[in-house]
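Note sheet for the following structure.
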Amino acid sequence: MSAAVQPLQIKILDPRLGTVWLLPTYATEASAGLDLRAALDAPMTLVPGDAELLSTGVAIHLVDPSLCAVVLPRSGLGHRHGIVLGNGTGLIDSDYQGPLLVSVWNRGREAFTIEPGDRIAQLVVLPIVRVVLQVVDTFVESGRGAGGFGHTGVR
């Protein structure tokens, strides 16, 4: 079974995308995220603790207000090299039309060099549900109740 496909408007801001480097693309048929590349002019070394804002060379417009996009880290970069997103997750609203920028942070112990065109993050498009707040005095009791962090244990 294949996933639903919808068009996504994209502006190419760096002419190397689609010529020297691939446009944002799904790595496999079942990938959830489009790989985003570092639109750098030269290699950039992140020493431990450094964070930089990198261009992906594209802008998107989701158009449909029932959609949003999230910029997520690439698992291998975080696990192997300590390179994660500086803001955890980037949320792209449907009405945003500016350049996609990625905050990369080296939380590792060694310097890491990002080369021009390297895949640095992934973009996942998600449906959203907008809510209307309903103020109440009490909640109908649930099985969990107000049990918070760690209340279910690890086993």
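Counting starts with 1 at the first residue shown.
Every residue, even glycine, has its Cβ placed from backbone N, Cα and C.
Lifted from Swiss-Prot, the feature list:
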- ARG74, SER75, GLY76, ASN87, LEU91, ILE92, ASP93: substrate binding site (BINDING)
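Where Swiss-Prot records a feature, it is marked here on the structure.
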{"residue": "ARG74", "record": "substrate binding site", "Cβ contacts under 8 Å, 6 or more apart": "ASP35, ARG119, ILE120, ALA121, GLN122"}
{"residue": "SER75", "record": "substrate binding site", "Cβ contacts under 8 Å, 6 or more apart": "none"}
{"residue": "GLY76", "record": "substrate binding site", "Cβ contacts under 8 Å, 6 or more apart": "none"}
{"residue": "ASN87", "record": "substrate binding site", "Cβ contacts under 8 Å, 6 or more apart": "SER103"}
{"residue": "LEU91", "record": "substrate binding site", "Cβ contacts under 8 Å, 6 or more apart": "CYS68, ALA69, VAL70, VAL71"}
{"residue": "ILE92", "record": "substrate binding site", "Cβ contacts under 8 Å, 6 or more apart": "ILE60, LEU62, CYS68, ALA69, VAL70, VAL71, LEU100, LEU123"}
{"residue": "ASP93", "record": "substrate binding site", "Cβ contacts under 8 Å, 6 or more apart": "LEU62, CYS68"}
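Reduced to three states, the DSSP call for SER75 (substrate binding site) is helix. Binding residues for substrate (ARG74, SER75, GLY76, ASN87, LEU91, ILE92, ASP93) extend across at most 27 Å, taking the greatest CA-CA distance. When secondary structure is read from DSSP and collapsed to three states, ILE92 (substrate binding site) falls in the strand class.
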